[in-house]
Amino acid sequence: VNLRALTSWVGIARLLAVVLSCLAFSLVASTGRFGGPYGTWCMFTWCFCFAVTLLVLLLELLQLYPLLPLSWDDFTSAFSMLAALMIFTSSVVFPVTFISSPCSSNQCARQAVATTASCLCFLAYAVEVALTRAKPGDISSFLSTVPGLLKVFEAYVACLIFSLLDAYNGKPGLMWCVAVYSICFIITLLIIIFTIGRCLTYIPCPLEKMLVGYNFLALLMYLTATVLWPLYSFRGRSRPDPCGRNCWWDKHLGVTFLTIFNLIAYLVDLVYSTRMVFV
C-alpha cells in the first residue's frame, strides 16, 4: 500500500476532487432537475470525473498502475486537464441553465451549493494540473508538458465546436471549416491516444519535428476557419428577435469564439513545440 498516493499534494487534490464532484452530482440528483442535454452533460461530467479519479487513487494506493499497458503519467496528466475543462464547462452551463432568479427555494439553494462545489472541484483539478506539469527541460511525460496539455485543450474545444454546429450544409466556406475542425480533432486525438498507449516510438519519422509541422499546418487551417466561419455565417443575416436557447445565431457566435480560442492554442502550441525541438 502506497499511502503517499493520499498524503501528497497531488493526492490531496484528487481526494478533494472526488469529494466535491460527489457532492455536486448528489445535490443535483436530489433536486430531480437535470433533464435535457445540458443537465445530462453536467451529471455525466461530475459522475465521470468522480469515478475515474477514484479509480486513479485506488490504483496508486494499491500500486497496481504499473500493470496497465499505458503511460501512467501521460494518462493522469491528460485526464486531470480534461477533467478541469469538463468541470469548468459544467460550472458555467449548470447555473445558467437551471438556476433562476430570485433564488429562494430549498431546491434552488441545493443547486447553488452544487454549483459552488463544482467550481471548487475545478480548482482542485487545476491545482493537480499545476502540480503534475513537467518542469522546463523535463520531457519524460509529453502530455504533462505545455504542448501536451494544449493537445487536450485543443481536442476538447473541438468537441464543444461539434456540439454547436448547426445548418452548415450547402455553404462551401462553412463545410471547409467543419473539415478543418474534424481533421485537426482526429489528428490531435490520435496523438493523445498514441502517447498514452506508448505507440509514438513506432512512427518511422522524427516525432518532434513532425509535431512542429502538424502544429504549423493546423494553425494555418484554423486561421482560414477563423475568417471564413463568421464571414459565411453572419453575412447578410442579422440576429433573430427573439433569439431563444437553441437560436442558430448564438450557436454560430459560440463556434466563432471557440475557433479563435483554438487558433490561439495552436499558436502557443507551435511556439512551445518549436522551442522544445530547436532551442
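Placed from the backbone N, Cα and C atoms, the Cβ positions cover glycine too.
Any TrEMBL annotation is an automated prediction that lacks curation.
Among the features that TrEMBL reports, domain 'MARVEL' is placed at 5-137 (among others). In the domain 'MARVEL' (5-137), the DSSP tally of helix, strand and coil residues is 109 helix, 0 strand, 24 coil.
The domain 'MARVEL' annotation in TrEMBL covers 142-278 (among others). The DSSP breakdown of the domain 'MARVEL' (142-278) into helical (H, G, I), extended (E, B) and coil residues amounts to 109 helix, 0 strand, 28 coil.
As annotated by TrEMBL, transmembrane segment applies to 6-29 (among others).
The feature transmembrane segment is assigned by TrEMBL to 41-59 (among others). For the transmembrane segment (41-59), the residues of the chain that approach it from at least six positions outside its boundaries are 5-6, 11, 14-15, 17-18, 21-22, 24-25, 28-29, 34, 65, 68, 76, 79, 83, 86-87, 89-90, 93-94, 118, 121, 125, judged by C-beta separation under 8 angstroms.
Among residues of the same chain six or more beyond the transmembrane segment (79-100), those with a C-beta under 8 A of the stretch's C-beta atoms are 17, 21, 28, 33-34, 36, 38-39, 41-42, 45-46, 48-49, 52-53, 56, 108, 111-112, 114-115, 118-119, 121-122, 125-126, 128-129, 132, 143, 149, 152-153, 156, 160. If you look up TrEMBL, you'll see 79-100 (among others) marked as transmembrane segment.
The transmembrane segment annotation in TrEMBL covers 112-131 (among others). Residues 9-10, 13-14, 16-17, 20-21, 23-25, 27-28, 42, 46, 49, 77, 80-81, 83-84, 87-88, 90-91, 94-95, 99, 103, 149 of the same chain sit 6 or more residues outside the transmembrane segment (112-131) yet have a Cβ under 8 Å from a Cβ within it.
Beyond its flanks by at least six residues, the transmembrane segment (173-200) meets 69-71, 74-75, 78, 142-143, 148, 151-152, 154-155, 158-159, 161-162, 165, 207, 211, 214, 218, 221-222, 224-225, 228-229, 231-233, 259, 262, 266 of its own chain at Cβ-Cβ distances under 8 Å. The transmembrane segment feature in TrEMBL is assigned to 173-200 (among others).
Away from its own ends, the transmembrane segment (212-232) comes close to residues 147, 154, 171, 173-174, 176-177, 180-181, 183-184, 187-188, 191, 252, 255-256, 259-260, 262-263, 266-267, 269-270, 273-274, 277 of its chain (Cβ-Cβ under 8 Å, at least six residues beyond either end). The transmembrane segment annotation in TrEMBL covers 212-232 (among others).
With a cut-off of 8 Å between Cβ atoms, the residues of this chain six or more beyond the transmembrane segment (252-272) that come close are 145-147, 150-151, 153-154, 157-158, 160-161, 164-166, 177, 181, 184, 212, 215-216, 218-219, 222-223, 225-226, 229-230, 233-234. The transmembrane segment annotation in TrEMBL covers 252-272 (among others).
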- line: Near the transmembrane segment (6-29) in space but 6 or more residues beyond its ends, with Cβ under 8 Å, are 39, 42-43, 46-47, 49-50, 53-54, 56-57, 60-61, 83, 87, 94, 110-111, 113-115, 117-118, 120-121, 124-125, 127-128, 131-132
